[in-house]
Amino acid sequence: MPEPVPEAPPAETAPEEPAEVGEVGEGQQDAPPADGAEANAAAQSTEPGATQLEGLFVEKPPSSVVAVAGMDVTFTAKVDSSTLTRKPVMKWLKGKWLDLGSKAGKHLQFKETYDRNTKIYTYEMKIIKVVPGDAGGYRCEVSAKDKCDSSTFEITVEAAQKDAQEDILSAFKRADAGEDDGDLDFSALLKATKKKKKAQKEEPEIDVWELLKSAHPSEYEKIAFTYGITDLRGMLKRLKKMKEVSKPSEAFLKRLESCYSVEKGKKIVMSCEVLDPNAQVKWLKNGQEIKPSAKYVMESNGNIRTLTINKSNLSDDAAYECVVGDDKCSTEVYVKEPPVTITKLMDDYHVVVGERVEFEIEVSEEGAHVMWYFEDQEILKDKDSTKYRFKKDGKKHTLIILESTLDDVGMYHAWTNGGHTKGELEVEEKELEVLQDIADLTVRATDQAMFKCEVSDDKVTGKWFKDGVEVLPSDRIKMTHIGRFHRLIIDDVKPEDAGDYTFVPDGYALSLSAKLNFLEIKIDYVPRQDPPKIHLDTTGNMVSQNTIIVVAGNKLRLDVEITGEPAPTVVWSKGDQPVTSTEGRVRVEARKDLSCFVIEGAERDDEGNYTICVTNPAGEDKAMLFVKIVGYLMERKKKGSSRWTKLNFDVYESTTYEAKRMIEGVLYEMRVFAINSIGMSQPSMNSKPFMPIAPTSEPMRLTVNDVTDSTCSLRWLAPEKIGAGGLDGYVIEYCKEGDTEWVAANQQLWEKQGYVVRGLPVGEKINFRVVAVNVAGRSPPAILSQPVTIREIVEYPKIRLPRELRTKYIRKVGEKINLTIPFQGKPRPVATWFKDGQPIDPKMVNIRNSNVDSILFIRSAEREHSGTYELVLQIENMEDRASVQIRIIGKDFCDSFQKKIIRQEALMAKCTKRCLIQTEKPGPPQNVKVSDVWGFNAALEWEPPKDDGNCEISGYTVQKADLKTKEWFTVYEHNRRTNCTVSDLIMGNEYMFRVYSENLCGLSEEPRQSKNTAVIAKTDLERKVNTYKEKDMTCPPKFTQPLVDRSVVAGYSTAISCSVKGFPKPKIVWKKNKMILGEDPKFLMQNNQGVLTLNIRKPSTFDGGKYSCMAVNALGQDEVECKLDVRVATDVEKK
């Protein structure tokens, strides 16, 4: 389609050089400077008086354009910048807000040029292959500081001619139908078969088209599968649009905008203008009619029809249509959701195995979506797994771990679309304590044997073993687990029951063992009678022989062993009241040879004197106990947390307590409850926040750096683990080999990581160690692996002459000289300097020596400082030498009275007149002459100067001059040879030459002029025209690099490439499974200097197949192909 006709003819301008957006063309070098920030601010300002609406456009796009689908269309706008102080900023908009600059690509292209002669900017917007979705209102807006202008235009899209329908069926047999870019395509749900390929040959038939138009919508997919139509949705939409174009309606004067954007909770208004003011309209949302309500308000004002959506939410993000009879206009509404922030952060947890953990956060909005992660793995809801539970309560979100394990240790994260928080979970193994060990038993035949043990955790299970073999329950052998007690009961003991019995708790490296001895006795016919006896255990909760302390609320259980023959009768009583109940909170449990008194949840009324009385025919025994309910309970928590952890379960009588198992570097708070016979007190005030600290780990890599006859130099690194207590310093200790008494070498803490221990005895073997110290105390020491012998090691002297001093060292008069010469040797070498074989005069040169280097310093260099300096290093009868050549070159001084330092010769002569110190610049060259002249060239030769200025000649400067003008021009600079050839001389002129010599101080004061001149004679010139033979560059297309088979992961963008040559430039066609790829935005085709690339954006498994690339020109064609395999990502690849 031809480009739109501009409203006014453009002014005559010089040829323009196009420049892509974001790049500066050659013609833009004289453009006004761009100020993007000011220009954007001016263009977007809406305050009154902020910008002036002025006619900046010289040429505007036409107000109405009719485009044919599939054709290209270009819009041009021109802006005069002659009156602007800033570069104008152009924006192309669709509707009211959609900035098309962000949509630039293969479908939309923008170009900007500038003519520096007329000061006119030209802006172009080109739409490649127009589609029906491009129809609508557009606006171009230009702004420059305080000026702006805009122009609106309308695009109407017509369907292509009917000859395009001949191949329309094949267009919908591809998933990438370019004619319907942007439409949804469910071709991935359908699989092509061989039958479909046969049906594909019947493209000209109209029966399928008519069949679709007359069929019920429920039969569409069946018809599409039968006839091989994969893009059914696109085909039906195209048919619908063609019907609309074929039957144009004038129902709407102004249609809805192409799209609207609104924030969640705000109001949005959509309006259109109809032709008939009395026309009735229907509003549809995703194809469903909208009924008027408080949320959806429909208004009719003359020709204007308005739909208002109040308090928009995410469900309002949909497609809307306004229907008038058979005509309709549509739009899209986008609802932006504000970011959800986290108002309450996640706490850290420190638990033991099996405890319940709840990570709780609060967000800014109810119903927000929260994602939970463990490390970098997302935690998802799993119906089959009971490990994690998710809880939502308004703005509170909770991740629950029912039973924590050691595998759950790590960092947990909670993410929203506007926030992130994390908490650390630390899980420790339970420490199982044995409260009562099993004891050895000696039983008789037919008696009962009972092994009993008590552990600290009532949830721990275990197994019983006899001589290493697991004991299984039977009619005679029973195993019980009641609370913290585990029992193995063997009835009717037999001789084979004797052996070693072991109880092993599950999950713990612990075992309890005892031995069962079988006592074989003879039956005595005389009945045996033993008086009863009460055996009280005075350990455990008993603080004295007859007093038991119980924390209020805890459980009291007294297991009293009773002996006597026959079995005695047991009676428990509190005061004068006997306790006979076998059930309830206070009860008595009777077992053979054992009486158990239990109080569940001790209360204030349970305090008092308790008596146990046992009787049998042989006698009676009594015991009295006093139960006292007193003590303290301690709790702690992290600062900022609301979760208190109990520290003791048994009574604690002391007023000092040492808390353990805390995390170093974390702030804690503690509180205390007092308990007496009445009950539990209110908690004390929270303690001041405190932080547990620990000593550091030992210092690392302790080594010996140097040893002398009385000292030892040590080096080490900081401890690997320092902790919250920091590091205050180090203590260095030593002792003689064989001694155990360590002596501190430093009286105060040493902060550096190196120390010299002094005053050591010569020849002794000494052990050294270093200890790090902080507020928590001393760390473990770092000890040398073997003792050190205190004796200085003789090392041969060696001078390490720097590389820059190995050649001649040149400086100018007045400059500073500072030479540092490092050396090595033990003991400390004696360094001596010489100049030209004589000792150095300390008045002229300063020397400073240290243990490792020697420094030669001259504050202001003079020419007499030049010479050879030699450093001699001596250790006893060993020595090393190194020499440095220093050369001082001078500079000019014009007036002796203005000079700060006057040479000694001038002072001795009492010079009062102007004196000139000898210049260090070279003299002029000698014998400069023209040795030869030919054509337009002249050859020069000369000799080096007599005076080189006490420095090497670095080059020559050659100049030429015409005898007519006598203006000198430089021909060569820094020419190192004593000859040169001067070219490009003008015919008929006579030239003279002069040469300057040059060294480090500069050019010579005077040049040397050539003794003769060079005359360029005029000659007759004949032009020889070489015949030009044009080379035939044409060649058929030929792929120089073929396509390569590839295997990619679904969802990850990929590209396939090849290269081609050919002239004229061949046309490139990409195919998939022999079908030509259209302008689907999923495929991006590029051609860069013959390198062809097909980019596939996020391919799915249905994008696999054979891809081919064909190049065609007038001389022939060539084609290459490859296979693309798209596989589903595995779990390893996803990670």
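Just so you know, the numbers here start at 1 and follow the chain as drawn.
Glycine is treated like the rest: Cβ placed from N, Cα and C.
Unlike curated records, TrEMBL annotations are generated automatically.
Since the structure is predicted, the reported quantities are computational estimates derived from the model, not experimental observations.
So that you can see what the record holds, here are the features copied from TrEMBL:
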COMPBIAS  26-43  compositional bias 'Low complexity'
DOMAIN    48-156  domain 'Ig-like'
DOMAIN    248-341  domain 'Ig-like'
DOMAIN    430-502  domain 'Ig-like'
DOMAIN    532-626  domain 'Ig-like'
DOMAIN    598-696  domain 'Fibronectin type-III'
DOMAIN    698-793  domain 'Fibronectin type-III'
DOMAIN    797-885  domain 'Ig-like'
DOMAIN    924-1019  domain 'Fibronectin type-III'
DOMAIN    1037-1125  domain 'Ig-like'
REGION    1-47  region 'Disordered'
Report task. Could you name the stretch, out of 248-341, 430-502, 797-885, 924-1019, 1037-1125, with the greatest number of CB pairs under 8 A to the domain 'Ig-like' (532-626)? Result -> 430-502
Report summary line: Taking DSSP helix as H, G and I and strand as E and B, the domain 'Fibronectin type-III' (924-1019) has 0 helix, 52 strand, 44 coil
Query raised in the report: In this predicted model, what is the average pLDDT of the domain 'Ig-like' (48-156)?
Result: 83
Query raised in the report: What are the helix, strand and coil residue counts for the domain 'Ig-like' (532-626) according to DSSP?
Result: 3 helix, 56 strand, 36 coil
